[in-house]
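K.L.:
OK, TrEMBL features for this one:
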- His327: active site, proton acceptor (ACT_SITE)
- His370, Glu376, His406: Fe cation binding site (BINDING)
- Tyr385, His406: homogentisate binding site (BINDING)
- 38-314: domain 'Homogentisate 1,2-dioxygenase N-terminal' (DOMAIN)
- 316-468: domain 'Homogentisate 1,2-dioxygenase C-terminal' (DOMAIN)
Amino acid sequence: MPASLEDPKEYQNVFHWAETQKDGTIPSFGVRKNDPYEYQSGFNNIFESEAVPGTIPKGQNSPRCVRFGLYAEQMTATAFVAPRHLNKKAWLYRARPAVAHQGFTELSENKDTESNFLPINPRVHLSPTQLAWLPFDVPAAADGEIDFISGLKTIAGSGEPTLREGLAVHTFLANTSMKQRAMVNSDGDYLIVPQQGSLDIQTEFGKLFVQPGEICVIQRGQRFKVVLPDGETRGYILEIWGSNFQLPELGPLGANGLANARDFLHPVANYEIENSPWEIIYKLGGKLFKSKQNHSPFDVVAWHGNYVPYKYDLTKFVNVGSISVDHIDPSIFCVLTAPSRDPTAPLADFLIFSPRWDVASHTYRPPYYHRNAASELMGLIYGEYAGRSDEFQPGGVSFECGFVPHGVAYEEFKAASAQPPPEMQISKGAVAFMMESSRPFTITDWAWKSEKLHEHEPKMWDNLVDNFSTHKEEVDRILAEGVKKLGINGR
């Protein structure tokens, strides 16, 4: 678990600051000290990076001859005529273009992933029951070598990728690094949440070092490879189809708050020239295909554009909340959102619940009893989270579909109602997240049949007593007085 960020001294121990180093360089702002890489900060910017200065052509993108004999390759992620503020593309200058490969063959190495969440699929299940899973086991050495690709398991989702709208939630459980192979998701974007073990991710644009407490987004069509510095890993993935993640609008908050754009970090060019056999694993329509080539896919010497992978440190999230009474809706915890075709409802939101102060007066402090339209899937990265109604452990999962009622047991309700609570810090030393969608989820066979699955115990709400009936005499008196007044006024 990362160090606490309450003490300024501890905060400085965790992060680099923009101070000049002995060699005269200035490190990337806000990068954890054990992160070996440099980054560019911002969100939805037009970036450019050169591993060899002077590589990127000036005044044009595709000259007759690129410097050093490189090939110019454009990655276009939206329609060519998409509005400028939505248009996504990147130009890459590389030793060999991606087209230099030896064809495709279909793979069948991972049967625990799913992409078709339509109820007509017999491998998925609908359930109004509140479900939860204990932490999934990281594979042991006796299970053989299982890398990031082989260790993908799908939990739930909605839609289907060829329809270009929907999402899936996966877990990844791996005990070895990807060797001479890379992955590319042709279906959609991966939002990756490591929970145990860091990820050293090599992409065509450069390298990202992603630790528990951080997230990264690898967008559709971008090749990547996952190395495990700690030897094993467990985590979560939110995959979206037909949309891209955006920062939520701030509305009356103004220009600052929640996840600030300057805290998103993008890689710098870092090329690899390697003439040896490689496998590129393509995910298309939920199926995996293998392509072979005799050179590294990470031979990009320079690039520019706004379609770039990125990472974000969740401890930098600027929480906001009520300073008078009541709770603000949980949309204030949104880090990233992905719009849907319905302008009033997002395809997916990624929210976090991290240390913050609760100071609302005359207010019932725990999460109030509620039913809402969204499907909610929660996970815990580290610490203890008190907002759940059952056992909730790091690496576990909790799920509630739309309009299923949820809330705390009576003991917590009674304690919170008994007396005014003091100003207090909640979620101290913890980071939990929610993957939320306006769409109903179905549950995969793998998750449905998992020995880690357990239902929320309904008996925990059996002692939610009827307090109203204990006030019968008072209520009858008030009603009688009301009838009497109506009679007087009626005359």
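Any Cβ shown, glycine's included, is placed from N, Cα and C.
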K.L.:
Validating a neighbour-count step here. Other CB atoms within 10 A of the CB of His406 (Fe cation binding site): how many?
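P.N.:
Neighbour count, Cβ to Cβ under the 10 Å cut-off: 17.
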K.L.:
What residues, ordered by sequence, lie under 8 A Cβ-to-Cβ from the residue listed as 'active site, proton acceptor' and sit at least six positions away in the same chain?
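P.N.:
Set apart from the residue listed as 'active site, proton acceptor' by at least 6 residues yet with Cβ under 8 Å, we have Gly321, Ala360, Thr363, Pro367, Tyr368.
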K.L.:
For the domain 'Homogentisate 1,2-dioxygenase C-terminal' (316-468), what's the mean pLDDT in this predicted model?
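P.N.:
The answer is 89, the mean pLDDT of the model over that range.
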K.L.:
Using the centroid of the Cβ atoms of His370, Glu376, His406 as reference, list every other same-chain residue with Cβ within 8 Å of it (recorded Fe cation site), in sequence order.
P.N.:
Pro367, Arg371, Asn372, Glu400, Val404, Pro405, Gly407
K.L.:
Are there residues of the same chain, six or more positions away from Glu376 (Fe cation binding site), whose CB falls under 8 angstroms from its CB, and which are they?
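P.N.:
Result: Phe399, Glu400, Met434, Met435, Glu436.
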K.L.:
Express the distance between the Cα positions of Tyr385 (homogentisate binding site) and His370 (Fe cation binding site) as a whole number of Å.
P.N.:
18
